[in-house]
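Chemist: There's a structure below that I have some questions on.
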Amino acid sequence: MADGKAGEEKPEKPQRAGAAGGPEEEAEKPVKTKTVSSSNGGESSSRSAEKRSAEDEAADLPTKPTKMSKFGFAIGSQTARKASAISIRLGASKPKETVPTLAPKTLSVAAAFNEDEDSEPEEMPPEAKMRMKNIGRDTPTSAGPNSFNKGKHGFSDNQKLWERNIKSHLGNVHDQDN
């Protein structure tokens, strides 16, 4: 029954003298197998025998090479065309180049930005004015290269703050004693 299975192909293996024909030898050569199902008599359920035979015949036919268009360069014909496009004539008059005339400027910068119509200055909200002014040590923003260790109320010197706190505590203790 093993010889009569339909759809199974076994390639012939040449036996070497002294070779056992182990799994290493089998791994070197690809083996084509097709799945065999016992329910439908050895045929695959998705493909019929007719479809398989048609595909095998199509695979056996030699395929025609695709037609490629000829690709080449015709040097002689191209040089003749380009030579007529560029020609140098000695003693010929040069064509005069026209200088483009510029239109006279009628609009000024003020007219472009409508400065004349807007006579009163823009009003800024007070928050924006506050940010633009430097209010001494009470600057709300501390940004820039020279603003290291600067808080909302100016630069914070920890030594000076410690001295101030000690003096205020001593003053409070001295006042409490009296």
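Backbone N, Cα and C atoms are what each Cβ position is placed from, and that goes for glycine too.
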Chemist: In Swiss-Prot, which of these is labelled N6-acetyllysine: K64, K94?
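Modeler: Swiss-Prot annotates N6-acetyllysine at K64; the rest carry no such entry.
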Chemist: Swiss-Prot tags one of S37, S46, S119 as phosphoserine; which one?
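Modeler: Among S37, S46, S119, the residue Swiss-Prot annotates as phosphoserine is S119.
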Chemist: What's the number of neighbouring CB atoms sitting within 10 A of the CB on S87 (phosphoserine)?
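Modeler: Other Cβ atoms within 10 Å of S87 (phosphoserine): 7.
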